[in-house]
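> Okay, so Swiss-Prot annotates it like this:
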- TYR173: active site (ACT_SITE)
- ASP135, GLU166, HIS169: Fe cation 1 binding site (BINDING)
- GLU166, GLU229, GLU263, HIS266: Fe cation 2 binding site (BINDING)
- 1-24: compositional bias 'Polar residues' (COMPBIAS)
- SER6: phosphoserine (MOD_RES)
- THR31: phosphothreonine (MOD_RES)
Amino acid sequence: MSSTRSPLKTKNENTISTKMNNMSFVDKENTPPSLSSTRILASKTARKIFDESEGQSKAKKGAVEEEPLLKENPHRFVIFPIQYHDIWQMYKKAEASFWTAEEVDLSKDLQHWDSLKDEERYFISHVLAFFAASDGIVNENLVERFTQEVQVTEARCFYGFQIAMENIHSEMYSLLIDTYIKDSKEREFLFNAIETMPCVKKKADWALNWIGDKNARYGERVVAFAAVEGIFFSGSFASIFWLKKRGLMPGLTFSNELISRDEGLHCDFACLMFKHLINKPSEETVKKIIMNAVEIEQEFLTDALPVKLIGMNCDLMKQYIEFVADRLLLELGFDKVYRVENPFDFMENISLEGKTNFFEKRVGEYQRMGVMSGTTDNTFTLDADF
């Protein structure tokens, strides 16, 4: 018996297919897989879902078109002429600070490692495990979201270089774990920290949720990842600098200087991108994101992995994290929340502000020669006075 039903491929579906084909790359990035033009919408429920998603897509498209950073740019494949000089300068700073894991001398660290107390070794190994995993998460966000959304060439240059540096950071932390930890089972436990350590998993999940949130706008996610690099890393950086103050682990502490400088620059760049946004998240939204990150970091370093294990004061560490959060809020253009002083004098010149003199000091001479100099600095003359 032949059916009298009309085919499912109706005029409505053809319209859907046409709309899908005409969508820009940015729209497709935010489009659920179920809206593929090859997928048949076989029920009223599915059609309703599509209509709602289409409305959200149009709203997002309007927001994208209003943002110069996200607006489709046909000139994005060529760098010159420079349009955003402040963003380009950030890229050149990142380029000038390039280094590799092979340049860090770990030969003296093993002797120090063996002389540490058990609780000190426990703390350091767990902090390194968090760091080794977190840089990969930052890269996941850059590859999956930011580099696909941002259309400004200068910013794409920075993100591309940041990806390379995050890989070097992750390699460095993995190398440190490989050097210090001789037991293969313990090494495997540390390398898989996101699955094996609940305290690390909580921080990782927070960041991963922001990557996967298709409804969160770019501005909110920029703030979230500024918090990851500016707050989630800050307490752990401070704990390793505390070891430096005690004259311990020279290889670990030197690599920590290099990495904290890099992360400071990455955090500054996030704040710069935020300032370029036309439609910024509200102050309430920004402060909610920052304060949530502060709570998680305070719990991490005073409860889950307390800094008292290495002789630091937990209350002062809480205060330091609040101080760092206030500084980040100021850089984003908002008022402080916590209004506390920096309790760690040894962190005064090692802040997470890439624009401080910490960067200009060329730590360990790791600023590439000539990269930050102007073209006139490279001229040859014979008019020197003798």
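Glycine residues also receive a Cβ, built from the backbone N, Cα and C atoms like all the rest.
How buried are these features, and what lies next to them?
Just so you know, the Cβ of TYR173 (active site) picks up 26 other Cβ atoms within 10 Å once every protein chain is counted.
Neighbours of HIS169 (Fe cation 1 binding site), defined as other CB atoms within 10 A of its CB across all chains, total 23. In the three-state DSSP reading, HIS169 (Fe cation 1 binding site) counts as helix.
Within 10 Å of the C-beta of HIS266 (Fe cation 2 binding site) there are 27 other C-beta atoms, taking all protein chains into account. Reduced to three states, the DSSP call for HIS266 (Fe cation 2 binding site) is helix.
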> Calculate the distance in Å between the alpha carbons (Cα) of GLU166 (Fe cation 1 binding site) and GLU263 (Fe cation 2 binding site), and round it to a whole number.
9
